[in-house]
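Right, one structure below, let's go through it.
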Amino acid sequence: MILIVGLGNPGKQYEKTRHNIGFDVIDYMANKYNIDVNREKFKGICGEGFIENKKVILLKPLTYMNLSGESIREFVNFYKLEDDEIIVVYDDISLDIGRLRIREKGSAGGHNGIKSIIQNLGGDKFPRVKVGVGQPKDNLVNHVLGKFSKEDREHIEKVIPVVSDAIVEIVKNDAKESMNKFNGVNIE
């Protein structure tokens, strides 16, 4: 079983914000793979299904970004998942809009959601897909909690299917394969 986690914040006011790109990807994958993400469990909303003949759980933690690891830890403990059976997708301000970066492991890089996951899992050896949301011009909080401009939103809507494909490549093969195919790709 593979746990695919999209990071974000619950609530209408956070929908379609930069910080919620992980939720947007989960919604896209749920629709594409016909998985109902509507069950509340372990401080999150989730759905189970199959992608590439592998059982998956799509998860959106409802703990708010900075406590995301609490929800993930409960899933990991209940389903007895290994680190490489967790895939996390989230926003990255160090990447331009339209850029992806897949990693097998690594530090939080200043991202509080990832910091929470590392603390709760006791390690950083889980694959992750970073989605570029651009650098803030001034205030970081206003930037990540802000919505995309119309032009940037249109760009992100083209990026989300590619992010989904990168995640599926990890499910099908592994993070290295996905890195080889998708790192450095710029979606116009």
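Residue numbers in this text run from 1 along the chain shown.
The backbone N, Cα and C atoms fix where each Cβ goes, and this holds for glycine too.
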### Query
For the tRNA site that Swiss-Prot assigns to Y14, Y64, N66, which of the candidates N34, N38, N112 is also assigned?
N112
### Query
Which Cβ among the recorded positions (N9, N66, N112) has the fewest C-beta neighbours inside 10 Å?
N66
#### Entry: Minimum Cα separation from Y64 (tRNA binding site), reported as the residue among recorded positions N9, H19, D91 that achieves it
N9
### Task
Tell me the Cβ neighbour count for Y64 (tRNA binding site), meaning other Cβ atoms within 10 Å of its Cβ, over all protein chains shown.
17
## Note on the structure
For D91 (site 'Stabilizes the basic form of H active site to accept a proton'), the spatially nearest of the recorded positions Y14, H19, N66, using Cα atoms, is H19
#### Entry: CB contacts for H19 (active site, proton acceptor) [other CB atoms within 10 A, all chains]
24
#### Entry: Cβ atoms near Y14 (tRNA binding site) (within 10 Å, other residues, all chains)
17
